[in-house]
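Single-structure report; data block below.
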């Protein structure tokens, strides 16, 4: 089957699944979207399903009362029943079929649970029964059927057996399987029902289990309550009482089964009547052909046997004859242990050997059996063991989480691979093992040296492995010849992103794109939206707009591996994404891109656990990027540095450094290789061995540059222009430009201070005019940065400070120009003074490059955030105290200025130790207040009839004490603790934080024009003129993308691929060494434990 056909087939199956409605009762919910009305369903059942009634009374000679051999008394027979005295009773001759009178919903009165039930003849056609289950009771077509048998009587559930049953139910739930049991509240069936109930309670209703019980109608206790009333119309609800205290030999029905099929052959008290119909139903299901089955177009069915006696033996025998594989639990006792022990016999199987095993495991049962029946048992066992390839044995003592799953999958695989029509169907066998995630079997049985696999043969199963998140199978297919690049066509990627991509992830991606306005996020969102082109979204105005499509699909067609990697990363497919990452080109860039995407998405996820998983995976990819780059750098520094600046359109045109910074991957930026690269950029052509003081000295004594005082990384090519080359290389170095800017900025601040303090006149003097020209140069530089960075310019706090400083300076000039007005001139000077503070604080940013001062500056920045939190808490305390104090002391103060002083200013000063003096009546000074409110004094406190302060001191003084205690001790110490935590956090990663912040300064000066201040202004004029000339001539830049097409890029990526393989080998070797070390430690512990046991025995013997 071609991949396109497989994909269309998967799409059809998905649509069929959406169109069908699953109806479950008891632990399953009933569907409300029925294709038939209740009356149609009743008509269908009455037309196709029958009950059986005995119409010939044959007296049972062994019975004491007048009872027929069918088990019913003569009075319980219908009117007109004939008397039969000579013939042997047979249900086919002596019973007659009538329309069934027992079907509908069954409600268990004890627990109030519901289920579906029907009474049907033992001769009912299996096809009609299957139609009832799937089309009328709306059960989804099973992906697997598990027929559980054994342990109907005297069954005691062991803890390990309960674990096996729990795993069996989990498999049924996860695989969409049907479980077939005896359906009674007795023995094995009772415990199966309880496990079904426990698993149903712990999971959502959409994942409920289908547990079908098939029991004999004549063995059901209280079955009269299941018969419909004569006047009942439509569907019937039967009220069934579970009477556990009844000593009746009959069984009660189990309340945890979802569907009950009650098989009737006209008898009462005759067990095993249902066996024939159950076998027919199992055979019909196993032979039914369905589309898209991973079992050769059939529904897989497996018999699960434990314990049991004769009926279990017959059930296993029938299953084996019908080519149904069987899983037997060794250690569960009785017939299961007999079969398990005989499977291990290597010699030819003799009757005596079989009988020996029967006597060993079933001594009482075999001793009571007639010889003929014993021979029948031996015959059945031999028939079973002739098809030993259909038997799979698991040991109850070794019951683990995967033992049941492995056993069922292995049983199905053996049955499938040994069948005549499917033994050469390698693709079908591989699908089966993929469905059950059996990698070892696939490795050992299918991918052998006997067969050569083509890439096209593995494409269908590869797609299944991707959507089922089977990373080990994906790796296996890649190792066996699958070409991932050829497999990832546009149709495949469209199918993955449109039908196997979480809508929630898509919404989170869209939220992140809108929130952070990030280039990579926008690119990835457009890429995903291009595949999900049928998706529509509604904008804020309520209008519909189509998804944005990528106009250039080349990033997708040229980089399908990166698109698949992004698909896996966005959905947090941890192990699968790692397998795909190993196949991509530009692994370092891909790892950093994954880290950035995951960290950004984690910020917008509402689920804390999901956000934590994304953060954890992001950190893993950062670690991979660090380790891989370290491997590359240790091999070749120059090529490793080329990797840092390599960009790819599949990641929005970003390079490794940009993605690492945007993802805040400080560990990567702090790597020696990255820092050495930044240092090369920082010093330019100047050798890094040159001392900084030499470079700074050359700024003041320029001729030293050409005298060999400063060393350079390389020698000039043209000897005649050697001196010119030295000067150009020196003054274009970012470090020299930075140093010159520092000198210039300090000179600018000194000039600014001189003008403010000594030379500020009504008419500007030359120093002030020089100051204006220097600020103009700063203004031009900020305009250039804004033009280059766009909106991102204002994301940097220092840029905001620069803009604010320039804005204040312009405002100061505006006031300064009105020199005729003294007040305006003074206002201008005040604004200049405030602006000087901003420009001076801006000096802090320059020294972030210092290894010693840089971390301290970062601490200051983070402590400012702590101060804002502190001020919020302090404001609550301050306003509460200030309003209460003012209201207690004074009445109807109308002056806002004094209200502000009393409510805000004075409580604020109290935090610094200035205790309010107006809360103590004994020391209150009326000379410093006013009663009229007209003077520049605070309002006096309210007086009583004796002209004494009215306020109660027993309130005001304790109030001040509590306020001082809360602010000066509690809040201030809280702030100190916050500062301590912040400093400690930065101190722990002192080196990383500084190196990360250093990157921004290096990039800032590397992106600037390499011309010292203030001469750079001429370059700005030249750039403006050039831009205007281009606009007038309407020149267009038609350069096309050359991503990954340059020879140097291909060589670098090929070399990185080799380094990646070395890195992966080291990881695997390290993991193997760790495992070996653990095994060695366990062996040492085992030896020590044995020595201790021996020592304890010696001590015990001495005591005796």
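Every residue, even glycine, has its Cβ placed from backbone N, Cα and C.
Positions annotated as topological domain 'Cytoplasmic' by Swiss-Prot, on the basis of a curator's inference: 1-733 (among others).
Regional average pLDDT for the region 'Epitope' (187-195) in the model is 83. Annotated region 'Epitope' per Swiss-Prot: 187-195, in sequence order.
The transmembrane segment annotation in Swiss-Prot covers 734-758 (among others) and is backed by experimental evidence. Remote same-chain partners of the transmembrane segment (734-758), defined as residues 6 or more beyond its termini with a Cβ less than 8 Å from a stretch Cβ, comprise 681-684, 686, 692, 695-696, 699, 767-768, 770-771, 774, 829, 832-833, 836, 839-840, 843, 846, 849, 1001-1002, 1005-1006, 1008, 1010-1014.
Summarising the annotation, Swiss-Prot assigns topological domain 'Extracellular' to 759-765 (among others) and lists a curator's inference as the type of evidence. For the topological domain 'Extracellular' (759-765), the number of residues in each DSSP class (helix H, G, I; strand E, B; coil) is 0 helix, 0 strand, 7 coil.
Within the same chain, residues 744, 748, 751-752, 754-755, 759-760, 799, 802-803, 806, 809, 813, 1007-1008, 1013-1014, 1016-1017, 1020, 1023 sit at least 6 positions outside the transmembrane segment (766-789) and bring their C-beta atoms closer than 8 Å to a C-beta of that stretch. Summarising the annotation, Swiss-Prot assigns transmembrane segment to 766-789 (among others) and lists experimental evidence as the type of evidence.
The Ca(2+) binding site annotation in Swiss-Prot covers 782, 785, 799, 802. Every protein chain considered, the tally of other Cβ atoms within 10 Å of the Cβ of residue 782 (Ca(2+) binding site) stands at 16.
Note on the topological domain 'Cytoplasmic' (790-796): DSSP counts are 6 helix, 0 strand, 1 coil. For 790-796 (among others), the entry in Swiss-Prot reads topological domain 'Cytoplasmic', with the evidence type a curator's inference.
Annotation comment: Swiss-Prot describes 797-817 (among others) as transmembrane segment. Nonlocal intrachain contacts for the transmembrane segment (797-817), taken as residues 6+ away from its ends with a CB within less than 8 angstroms of a stretch CB, comprise 764, 772, 775, 778-779, 782, 785-786, 824-825, 827-829, 831-832, 834-835, 838-839, 841-842, 845, 861.
Per Swiss-Prot, topological domain 'Extracellular' is recorded for 818-822 (among others).
Beyond the ends of the transmembrane segment (823-848), by six or more residues, the same chain brings 738, 741-742, 745-746, 748-749, 752-753, 755-756, 760, 762, 798, 801-802, 804-805, 808-809, 811-817, 854, 857-858, 860, 994, 997-998, 1000-1001 to within a C-beta distance below 8 angstroms of the stretch. According to Swiss-Prot, the transmembrane segment annotation covers 823-848 (among others), on the basis of experimental evidence.
Sequence-distant contacts of the topological domain 'Cytoplasmic' (849-853), counting only residues of its own chain at least 6 positions beyond either end whose CB sits under 8 Å from a CB of the stretch, comprise 738, 994, 998, 1001-1002. Residues annotated as topological domain 'Cytoplasmic' in Swiss-Prot: 849-853 (among others).
Sequence-distant contacts of the transmembrane segment (854-890) (same chain, at least 6 residues past either end, Cβ-Cβ under 8 Å): 797, 844-845, 847-848, 899, 902-904, 906-908, 911, 916, 918-919, 938-942, 951, 955-956, 959-960, 963, 966-967, 971, 974-975, 978-979, 982-983, 985-987, 990, 993-994, 997-998. Annotation comment: Swiss-Prot describes 854-890 (among others) as transmembrane segment, evidence class experimental evidence.
Counting residues of the topological domain 'Extracellular' (891-895) by DSSP class, helix then strand then coil, yields 0 helix, 0 strand, 5 coil. Marked as topological domain 'Extracellular' by Swiss-Prot: 891-895 (among others).
Only residues 6 or more beyond the boundaries of the intramembrane segment (896-912), in the same chain, are considered here, and those with a CB under 8 A from a CB of the stretch are 874, 878-879, 881-883, 885-886, 890, 938-939, 960, 963-964, 967-968, 972. What Swiss-Prot records for 896-912 is intramembrane segment, and it gives experimental evidence as the kind of evidence.
What Swiss-Prot lists as topological domain 'Extracellular' is 913-954 (among others), and the listing cites a curator's inference.
Annotated N-linked glycosylation site per Swiss-Prot: 934, in sequence order.
Excluding 782, 785, 799, 802, which define the Ca(2+) site, the same chain contributes 781, 786, 793, 796, 798, 803 within 8 Å (Cβ to the Cβ centroid), listed in sequence order.
The topological domain 'Cytoplasmic' (849-853): residue composition by secondary structure is 2 helix, 0 strand, 3 coil, according to DSSP. Long-range neighbours of residue 802 (Ca(2+) binding site) (same chain, six or more residues apart, CB within less than 8 Å of its CB): 778, 782, 842. Under the three-state DSSP scheme, residue 799 (Ca(2+) binding site) falls in the helix class.
Summarising the environment of residue 785 (Ca(2+) binding site), the number of other Cβ atoms within 10 Å of its Cβ, over all protein chains shown, is 16. Secondary structure of the region 'Epitope' (187-195), assigned with DSSP and counted as helix (H, G, I), strand (E, B) and coil, comes to 9 helix, 0 strand, 0 coil. Sequence-distant contacts of residue 799 (Ca(2+) binding site), defined by Cβ-Cβ distance under 8 angstroms and a gap of at least six in the same chain, are 782, 785, 786, 793.
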